[in-house]
Structure formats: C-alpha cells, structure tokens
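Chemist: According to TrEMBL, the protein has these features:
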type	residues	note
COMPBIAS	171-183	compositional bias 'Basic and acidic residues'
COMPBIAS	199-216	compositional bias 'Pro residues'
DOMAIN	1-114	domain 'C2'
DOMAIN	276-396	domain 'C2'
DOMAIN	435-553	domain 'C2'
DOMAIN	598-721	domain 'C2'
REGION	164-183	region 'Disordered'
REGION	191-216	region 'Disordered'
TRANSMEM	852-878	transmembrane segment
TRANSMEM	965-995	transmembrane segment
Amino acid sequence: MSTKLTVEVLDASDLMPKDGQGSANPFVQVSFDEQRQRTQTKPKDLNPYWNEKLVFTVNDPRDLPSQTIEVVVYHDRTGEAGHEKNFLGRVRISGVSVPLSESEASVQRCPLEKRGLFSNIKGDIALKIYAVHDGNYYPPAPQQPNAASIETEATPLQEYNTNKLEEDDMAGEKKTKKKEKEVRTFHSIGTAAASGGPAPAPAPALATPPPPPPPPMSSGFGFETHLMKEKAPTVEARTDYARAGPATVMQMQFPKPNPEFALVETSPPVAARMRYRAGDKTASTYDLVEQMRYLYVNVVKARDLPVMDVSGSLDPYVEVKLGNYKGRTKHLQKNQNPVWNQIFAFSKDRIQANILEVTVKDKDLVKDDFVGRVFFDLLEVPLRVPPDSPLAPQWYKLVDKKGDKTSKGEIMLAVWMGTQADEAFPEAWHSDAHDIGQTNLNNTRSKVYFTPKLYYLRVHVIEAQDLFPSEKGRMPDAYVKVQLGGQLRITKPLRTINPVWNEEFMFVASEPLDDLITVSVEDRVGPGKDENMGKVYIPVRDVPPRRDPKLPDPRWCNLLKPSQAEEGEKKKEKFSSKILLCLYLDTGYHVLDESTHFSSDLQPSNKFLRKERIGILELGILSARNLLPLKSKDGRTTDAYCVAKYGNKWVRTRTLLDNLHPRWNEQYTWDVHDPCTVITIGVFDNCHINGSKEDARDQRIGKVRIRLSTLENDRIYTHYYPLLVLHPSGLKKHGEIQLALRFTCTAWVNMITQYGKPLLPKMHYLQPIPVMLIDWLRHQAIRIIAARLGRAEPPLRPEIVEYMLDKDHNMWSLRRSKANFGRIMKLLTGVAAVCKWFNDICTWRNPVTTCLVYVVFLMLVCYPELILPTIFLYLFVIGMWNYRIRPRQPPHMDIRLSQADNVHPDELDEEFDTFPTSRPADIVRMRYDRLRSIAGRVQTVVGDLASQGERAQAILSWRDPRATAIFIIFSLIWAVFIYITPFQVVAVLVGLYLLRHPRFRSKMPSAPVNFFRRLPSKSDQLL
C-alpha cells in the first residue's frame, strides 16, 4: 500500500478584498512534490469555508521530511480583465512536522504570508495535514548537500508539537479526562533547525526527535524570507475540526536562544567579589582573578665549581627538582663561575613533595656528572607578597651525595613562595611546561606588546619638467611610481616631456619612520617594457607633519639617473630632470586598523590632539573549560593561550600545555579614552612547541568582543563566554572562557561630554577619505602591525593579528548579507508595529483605546504648547519602564543574528573561498546565477522605491499636466481654507477624519492614494 499525504483545507478568515467591490472569490491551491490540486472557488466571500480533503501520493516516505507543502490562496478573476488569479497569501509547511497518522494530526490556523515587500496580505487559513501509509516506519534518509541543487526559495514553515510525548503518556486517560490545552510554536526552519550544527532553539520535548535534514537553500533576500515573516507573539483561538472538544490555543512565539551558546554567570572567589576579606595585600591590585600560589626558585649564578673533565674544566647547568617536576637551566661551556639568572615556578596545587632539590651537574656526552646540590624544606620557605621588594639571593654551599659539604663550589639562589602577581611570574619557567625544550620555552611565556604609532602619509605628485627618453625624437609616455615599503601606487601615463599629473596618494607609515619613499618616473616604451627616467629617495623622517588645514609648500626634487642613484649624489650633474612633489604626514587622522563598528582606539596620530583619559578597564582572564582537543592526531589535547587587544596594547597569556580546562588567572589593565570602544579577546592553540614546524599556524579556538559602553560603572562582570568558530563544515563551539571585567570611570564630566563629540578625529569629517581607499589603507595597517608584532619574542604571528583585527570583515559573504538584511527587517518591524497600532486606532479595534486617543488628541489641539512636553515625557516614561528589563549581561556573539546556526554548507564554502576563487567552473556558475537571482530581487525593490520617489517629483514637474493642474488648484483652495480657518479647527477636522469609525470607511483606497499611484514615473523609459 502506498503512502498518502492528506491536506484538509477547512476555512480562511479576514482575507484581503481583491475584486474592487470589497470582496474576493477565493480558492486554495496546494502543491506537493510536483503535484498540484485546488479547491472550489467561493464567490464573494472573505471568510470562506471549504472543508475539502486533498490527497497526494508520497513516492518515497524517506524524503517526506525534506519536502515542502505549499498552500496558496488565490482570488479567482475568471470573467475579469487581466490575470486569471490574484495572490491572497500563502503558507509553507515542512514535511518534518507532518504527523504519521490522522489521530496525531490537529488543526493548524496559520497566518498568511506575503510574497513581496509591498504585498498587501492579511488573514489566516485553517489546515489539517497528516500522512497515512502501510504502517512501516521509514527513517529519513540523510541529505547530502549538493551545490548544484541549491534552491533560492524561502525556508518553509515548520510546526513543533511540544506536547506530543505528554499526550502519549496520558493515552490511557483520554477516555476519562478532557484533552488539555496544547501550545504550538510556529517558526521557520531556517531559524530553528541548524544545518550541520545543533539547533539554537530546540522545542521543549522530553523525547529527542531524529535530526532534520539540511533545509533548502534560501537566498535570504527574497520577499518570502522568514526574517520578514516574524510577527509579534499573538494568541489566537482555533476550532479543532478533527475531534470534538474545547477550543485549543495556538501561540506564535519567537524561538528561544540555544542555552549552549548563551552566557553563564559565575561567582569565582576573586578578591573584588569577596571585598578583600582575610586582609590580603594583593587584593588591591590583583583582585579580578583567583590567587594562585607558586614556589619560585631564582638560580642566579655559581662560583668556584670543581673541575670535572680531564680537560681541566666543566660545562655546568642546574637541575631544579620538586617531586616529579624537573627544570633545567642552559649549560655553559667551560665555565667554573657560570651566571644563569633563570627563574623557575612550581604551582602549589601540583606540589608533590616537601623537599626542593637544586643540583649542579656537568654536561657530558655519555652521562652527566654530579657536582653538588642544595636542599630546601618547603615549610621553611618565606612568603613574599608584592609590593614587597624582591627577595635577595644568597650563597649556599654545595653538598655531595652523602650530604657532606664539598670543598669547593657555591651557588647563589633565592627561594620564596608567591603568587601570579609576582614580577618574576612572566619570565619564569613553569612546571606545566616541563616537557618543553629550552629553545621553545619563549613561545609559552606571557607578554605585553605595543603596536607602533601609525601615520597617514600623503604624496601629491604635481608635475615634472624636462623629461628626456633614451631614444631621441620620441615623445615619452611617462608615469610615476611611488613606493613606501610594500605599498605601491602609480599615476596615469601622459605623453609629453612636461607632464602634469596632479594626483594624490595616501600611504601608511609607522614609527620610527626609518623607511624611504621611492619616487621614480617610468617611460612606457612598449607593452610590458618600461624604462626608468630617474628616481628620488626621500626619508620619511624628513617629511613635515601637517598640524593645521594649511598644506606645506611643495618642493622640486632632482630625478637621479639609475646609475647616479646607486652612487648617490657624490657626482652631481649640471642638468637633471625635476619633479614637483608635496609630501606631509597627516597627523590629524586616526589610522584605522579595525572596523569602526568595533574599534578599540579612536585617537588621532598627533599626541597633542588626543583625548584625556576617562577611566580604567580591568580584565581578568580566569580560565576555560570544555575545550576541544585540537591535537588528537599528535597524541596531545590542546595547548591554549589567550590574546587580548584594546587600543595599541596587546597582551598574551602564558600557554598551558595539554590541558582542556586551563586556568590562567592573569589580570591586565588599560586606560580608556572613549567609552564607545570594544575590547577583543581571542583564544588560540599554540602550534609552536617541541617538534613544530616554523610555518605552522596557530589554530583559532574562539573570540569574544565586549563593548565598554554596555558595562555599568564599577560593576564586576564574571561570565563564561562561548568560544565559537565558523568552519567550512559549519559552526562549532570549541569551549568556554571565563572572564572578569570591570570598567571604572575616573572623569564623569569628560565621559558624558564624549557622547556629544564626533567618534573620529575632526579631520575625518573635514576631509573625509573615500571608503575604498580606507579599506586599502586598513589592510596596509594590518600588514604593518602583523610584521612588527611578528618580530617580537614570543611573536604574535600574522594569523593571530588578522583574526583579532577581522581582516576579511569586508569580504562578500551571503551569510553576512542575510544577517544585515535581517537586521534591517527587524528595524522595520518596529515601524510596522507603530503603523499597525495606528491602524487599530483608526479602525476602532479597541474602542476604549480609540476614545482615549481622541481625548489626548483634542487636548493637544486645544493646548499645542503641551505637544513637545508630552512627547518628551512619554519618552522618559518609556525609558524608565524599560529600565526594569535592561540587559544584565554584557553582549556576546549572537548566533541567530549572525545567521550562523542555519547556514548552508555551500554558503560557507563560498565564504571561505579564496579571492580570486579557486572553485570549479560549475560551482562558480551556480553561485553567479544565485547572486543574479538575489540582485534581481534587490533591483526590483530599488526600482519600486525609485518609482515612488519619481511620482513625488512628478507632482509639480508638469509631466502629467492634468495631475499637476489638479494638485496646484487643490493646493490653492487648501491655502485659502487654512488661512481663513483657525489652525485648531483644521487639526480637529483632519484628526476626526483619520480616526473616523469603520462604518464611515470604505474598503477601497482613498482618493489621495489613488491620485499618487496614477502619477507617472520613469520606469516606462527604461530599456
């Protein structure tokens, strides 16, 4: 017996009139798996009742979850001019939500959805959908993403029955008890079901349903996209036509965020939260992290060591041993008085013995010789707490293996118990890095970095004189190349001996300004063949800074021939070509290395123009948990470290080796000059430890951004933030990081005045830089910063800098485009809600509210001086009311806003593709066609908006003489009427007309709307 899909079309209500007489002739058309059926037409009925059953054949029950049932309501225009049918709305149901028996099915009252942005649709339809088959269960076949079969349709609507399991448990009691009210949640699959990842908002059911297949690809820009279908939560009653009983309730809700990707508030035992209990002296400076005790051993030097080799010398090194942990200094060849100056740190939590053993040994080819040792009882080790001065090292006599003092040899040591606040902590060898070689030990240390100060350098190439090519009698085709480091710009070629280019270029220069600007004039002799006609070298430090709007004077520079340029200016020629240049450092700008939307520094390059400090930001990097093992192939787990960036200060924590739950407990501080800035914290896996290749790249574990303006003053925020990374295979959670944040304002007046000042320095507004040029300069700044930090020890490698600064933020991504489109539509829903509220007032949906609006309106008309105070008082009340529901947590990465939970694999493959593309031609062709489809819809929307604007311009332009004449005559009549009539009377008449009762309203468009729609646009002039 084959499987059948039954769609019962019951009724519809409150449909949109389409016949021009305030009614419609509706019928329903249902499409499923290339099968199409329709109901009868109900003439002149806006609340039709069909109660018809449409049956479809399911060819493969395994494919049912991936199928879509499309229900479209049309207006039958048979006998009328024009199209045969008009669109009245549609509903799209996913096969995942179809019950497998009629007893499980229930009536769904679904709101009709729009097909386009300007569609005028309203009403809902009642459906009952279920499948009937031979009783065998067919599990859904796994869906493999196929790039060639990607759809550009919107994601269908899906129903989740949250009470299904509860009904199964109460099956035995159905005969004696009435059926309980059930709550159904409707939302798009694109929001609720993830492709290649966990769903962000699973339905609250006790049983786990089989995972749904990947949803059909949606362009995200179609007018049918689910982002435009979201409505405010409403509760509507429905009639259950399947079985008798009381009415059930359908509640439209937004899917709740997945708790897996949410913040988790914590209460770590940090001193700031404990209010400095127990009188801890470190609480005043290191109070946002948990205290971690360490045993520090400072091995300074040794003297008078005995000779151990036949050659009459020794190669000494020191071995510090505590339980199973063993640290070694580097060995010094042939030195009886070695100096090491190396510090070892052993975590108190991992101390396995009560005796510390410091042994001096002689490096040998076969077996290292014992020289002497010193023992320390940990119970006798002193406690040192900053800001105490460092502990003074002392000389200790070496003893032999029997415990007797040797005749020769002493070692200078300092042993104390301290915390991570000790100044020796960053440079110490840590016990958790005991298997790291001495050469790679620096790659695990914690460090603080400062990026170089950057400047915008302007080079204005004005003209050149007396250019002579190598071939006499030929006019040179000259152009200028300006180069600064790896930055190169070229002027357009001009065929003359005295060319005037008058072109200006911008570069990024960095301190200490030791680079050279190379300006060379080239002659284009032929295709791919250029000859150098002369060049000039200008040191950047000789370029004057520009501190005011006045430009420095240009200067003439001699163009040196290539041979003369190599020899310098020792041999000066009597005659040389010249070039006129104007060069200056634009110190009034801020060199952008981050996107302005989440920038951490907005200060100008000129130190005299910088803002004063308004506060202090303190960050405690406490720990991480549940990290994914990223080195499982190498027999390791994860070697994690953190990088934080704010302003020009970068910090890097120490690397904790082979640990999925690392505890750093390091605290850092920044000066804050603007509250509307963002701090970025990233977590990485160190791939440069023992045996690592030099070209290995540190892997991303995740990133967190926190905007300072969202933090309350002096409040301590301690949360676990999810570490999320988008891979070509989908979104992955790599763990969670625990951070402690505190923003302290030190200048309230300055901070408040900052909100009235421009975000960027004033030069960005007086002489704005083009957007394309800013993007190019930003990439150059990132390259300079990456090169400078890559030369530090330990280096911050380019992949770290590019990830922290979001180098590819402006690259095309269909996922980001969907996210931005969704943000716009979310903003428009607020405007739509206001329009709906006003429409409800005008249609007397709630008579009490309408009467109150009447009273307020008449009061404001009679007393117009109360209008502005009423508006501002209303804003004040709304703000105070929203204070109760203000955000209690700092912002974090929003998965649903980023469209990362339901992204299609092909969209991710396109996002991670190189530029230019490296994909096969058929994939590129498919993506190009998809982009054309998206652009076509955007083009239609833009064209409609342009048409409305052109109609507004046509009112007084006499493009339609009759329409313009009508309008100006009507304007004259209104001018006379308003002049002789008091303003309050006019306002009352207009208000009463807008708020008139529905009995006095027509369902046809009003005369002004009809007049406006008849005005001509320029769409008919397009080819």
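Here the Cβ of each residue, glycine as well, is placed from N, Cα and C on the backbone.
Nobody curates TrEMBL annotations by hand; they come from automatic prediction.
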Chemist: Cβ under 8 Å, sequence separation of at least 6 from the ends of the transmembrane segment (852-878): give me the contacting residues as numbers and ranges.
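Modeler: Apart from its flanks, the transmembrane segment (852-878) reaches 841, 984, 987-988, 991, 995.
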Chemist: In the same chain, which residue numbers or ranges, 6 or more beyond the ends of the transmembrane segment (965-995), come under 8 angstroms Cβ to Cβ?
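Modeler: Here the qualifying positions are 841-842, 850, 853-854, 857-858, 861-862, 864, 955-956, 1011.
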Chemist: In the domain 'C2' (598-721), how many residues does DSSP put in helix, strand and coil?
Modeler: 10 helix, 57 strand, 57 coil
Chemist: When DSSP states are grouped into helix, strand and coil, how many residues of the domain 'C2' (276-396) land in each?
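Modeler: Its residues fall into 13 helix, 52 strand, 56 coil.
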Chemist: Using DSSP, what's the helix, strand and coil tally for the domain 'C2' (435-553)?
Modeler: 10 helix, 65 strand, 44 coil
